[in-house]
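Report on the following structure.
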């Protein structure tokens, strides 16, 4: 009984501490400013890597690798600014502008990592001597449809701000995250298996195998966590991420689904392209 009482007392103490932090304006600002600093650091790393790649191969224009790092920079920089001014954003009226500012980086995050899936799909189908002409138009079409749906949801939310529309918007993001997770599982898995069965054993092959395996696991996991959290966010007010008084939840959520995955992927994909003979990097038209 004594042991049970001690555990219960300890659990109550943690719960009270959590509530105290959530309801403290000082701690709210500290946590959101910490998130702003972390996102800013990731944005700086992406920008530095983009500059290094451009200095290495300026003659190849906007390759997939350059665009990927540029989008990482933009998404994390915007997210950093949003976190830095989070308290002010909470007071913006009409309320729809809050949703636009909070949701736009998430859309950019999806596009950034969907581009990586596209790149892997191109490598996979090219290696199998299949036609890849339809991949990029499909990528642009899917992103166009997704942004159009989200804009339509914002307009409906502005015109008639009801709980149903808000839930639909969050479920849309959950579905988007699941779609991205399955994309990484499908094309990351296919590319991993293809490299695994590649007949020539080499150091480069082993490194590429590890690279694809790690990035697939990281991105699949982060998008799956995002999907689950968005579902909880839609139906459980205790899991609401769009409010100031849930700073601890926001901290762990963004740490797990954006900051750590971005940092790890940028680290894994840090290798610069060779100066000559690049055949795997495709310009964005």
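Here the Cβ of each residue, glycine as well, is placed from N, Cα and C on the backbone.
Because the structure is a prediction, the values reported are computed rather than measured.
Database features (TrEMBL):
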{"type": "DOMAIN", "residues": "15-285", "note": "domain 'THH1/TOM1/TOM3'"}
{"type": "TRANSMEM", "residues": "31-55", "note": "transmembrane segment"}
{"type": "TRANSMEM", "residues": "67-86", "note": "transmembrane segment"}
{"type": "TRANSMEM", "residues": "106-127", "note": "transmembrane segment"}
{"type": "TRANSMEM", "residues": "139-159", "note": "transmembrane segment"}
{"type": "TRANSMEM", "residues": "171-193", "note": "transmembrane segment"}
{"type": "TRANSMEM", "residues": "214-235", "note": "transmembrane segment"}
{"type": "TRANSMEM", "residues": "251-269", "note": "transmembrane segment"}
Positions whose Cβ lies under 8 angstroms from the transmembrane segment (67-86), at least six residues beyond its ends: 28, 32-33, 35-37, 39-40, 42-43, 46-47, 49-50, 53, 101-102, 104-105, 108-109, 111-112, 115-116, 119, 244, 254, 258, 262, 266, 269, 284
Same-chain residues at least 6 beyond the ends of the transmembrane segment (139-159) whose Cβ lies under 8 Å from its Cβ atoms: 94, 96, 99-100, 103, 107, 110-111, 114-115, 118, 165-166, 168-169, 172, 176
Positions whose Cβ lies under 8 angstroms from the transmembrane segment (31-55), at least six residues beyond its ends: 21, 63, 65-66, 69-70, 72-77, 79-81, 83-84, 86-87, 244, 247-248, 250-251, 254-255, 258-259, 262-263, 266, 270, 272-273
Surrounding residues of the transmembrane segment (171-193) on its own chain - C-beta under 8 Å, 6+ positions past either end: 103, 106, 110, 113-114, 117, 120-121, 123-124, 146, 149-150, 153, 209, 212-213, 215-216, 219-220, 223-224, 226-228, 230-231, 234
